[in-house]
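Beneath this line is the structure, given in structure tokens, with notes to follow.
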Amino acid sequence: MGWGDMEPPNSSAAGRSDTCFGVFNASDGRNNAQTSITSPWFSTAFGLIGLCSNLFALCVLLSSSRKLSSRARSSFLVFLCGLVVTDFMGLLVTASVIIPYHFIKFTWAKVDPGCHLCNFLGFSMVFFGQCPLLLGATMAGERFFGINHPFSRSTSISKRRAWSIVGLVWGFSCLLGLLPVLGLGRYTLQYPGSWCFITLLPDTGNVVFCLLFALLGIFSVLLSFIFNTVSVVTLCRVYHDRESVQRRRDSEVEMMVQLVGIMIIATICWMPLLIFIVQTVLQQLPASGRIQMLPMETQKMLLIYIRMVTWNQILDPWVYILFRRAVLQRIYPSLRPRPSILSLYPVLNPSLRRKFTADSVLQ
């Protein structure tokens, strides 16, 4: 998502608020298009960088997953793979709609009088936007239980179960994206006329859906922050409680570094947009029914925040590419394979240790 940087449609329906073409002033967008800093070539290059980055990360992930016997690491790679696939498909789907428009400059209202293409693009923006946030929270939760309850059988997730969880996240995001199509809110063409997204107007359906989308995203980011903070504190406390610094397991550190990186990127890229959506719809509530078009300043700010969100899909794969042990060991040679987190806890009864070894040490 995040390809909203092109010229407005030459639409006669642009002024009607009851369609997907009536939220912004098309003539204003047309006048500003000539001074836009973007171009078809810029957007195309920007998209290709994102697609190639995610494709490269996917190849590295698939190669790494074949070499692993650790169940916890394997399940974590499944979640990472789901995240990379989501980012890749998000860029690919939105680009397949918007890049052709950028070059052909078709009249949107003539090509899509029933708003089906706009609904599809809006659905894609919501689906591929919400999925990474939910997957980030899911990954943080999985590592939280894996680190804080390393001896529990229930924290051991198989690859099949991990893929099932990814599928549930995709399914939930799909249902969320379909709500405007089913009548709760609506997708509308946004300034400068090249992309569709949720409508920030103060009628009941749009307000409910905007708040649902934004608050769910904020909740996912905050949940990731809580889980990751507790996990990092637990790792640091357990490591420093031992006398020997050699009693570390680098895989847990590696996963947490990658997860914290993903969380930081999501927070920086997404929180401004989510907070902006909440502020905008709440500030407009007193004028419900009287506002038929977003102020130009609001339209421009929404475009800026959407462009920030685009960087999330481009930077996510580089977190895994750059923060792998193979790369980190070149920077910090003292990182070497070490015992698991099980060895960091107080000495266990030998028979109990043997029992846990079969089921938990391989996490």
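Glycine residues also receive a Cβ, built from the backbone N, Cα and C atoms like all the rest.
Automated prediction, rather than curation, is the source of TrEMBL annotations.
Note that the structure is predicted; figures quoted are calculated from it, not measured.
Quick look at what TrEMBL lists:
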{"type": "DOMAIN", "residues": "53-320", "note": "domain 'G-protein coupled receptors family 1 profile'"}
{"type": "TRANSMEM", "residues": "41-64", "note": "transmembrane segment"}
{"type": "TRANSMEM", "residues": "76-101", "note": "transmembrane segment"}
{"type": "TRANSMEM", "residues": "121-141", "note": "transmembrane segment"}
{"type": "TRANSMEM", "residues": "162-185", "note": "transmembrane segment"}
{"type": "TRANSMEM", "residues": "205-238", "note": "transmembrane segment"}
{"type": "TRANSMEM", "residues": "259-282", "note": "transmembrane segment"}
{"type": "TRANSMEM", "residues": "302-323", "note": "transmembrane segment"}
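For the transmembrane segment (205-238), the most Cβ-contacting stretch among 76-101, 121-141, 162-185, 302-323 is 121-141 (pairs under 8 Å). Across the domain 'G-protein coupled receptors family 1 profile' (53-320), mean pLDDT in this model comes to 85. Counting only same-chain residues 6+ beyond the ends of the transmembrane segment (162-185), those with a CB under 8 A from a CB of the stretch are 74-75, 78-79, 82, 86, 119, 122-124, 126-127, 130-131, 134-135, 138, 142, 198-199, 205-206, 208-210, 212-213, 216. With a cut-off of 8 Å between Cβ atoms, the residues of this chain six or more beyond the transmembrane segment (41-64) that come close are 3, 5-6, 77, 80-81, 84-85, 87-88, 91-92, 95, 98-99, 102, 310, 313-314, 316-318, 320-321, 324. Residues 1, 76, 79-80, 82-83, 86-87, 89-90, 93-94, 97-98, 165-166, 169-170, 172-174, 176-178, 180-181, 187-188, 195-198, 213, 216-217, 220-221, 223-224, 227-228, 231, 259, 262-263, 266, 270, 309, 312-313, 316 of the same chain, all 6+ positions outside the transmembrane segment (121-141), place their C-beta atoms under 8 angstroms from a C-beta of that stretch. Tertiary neighbourhood of the transmembrane segment (302-323): same-chain residues 1-5, 46, 49-50, 53-54, 56-58, 60-61, 80, 83-84, 87, 90-91, 128-129, 132, 190-192, 195, 197, 200, 254, 257-258, 261-262, 265-266, 268-270, 272-273, 276, 294, selected by CB-CB distance under 8 Å and a gap of 6+ residues from either end.
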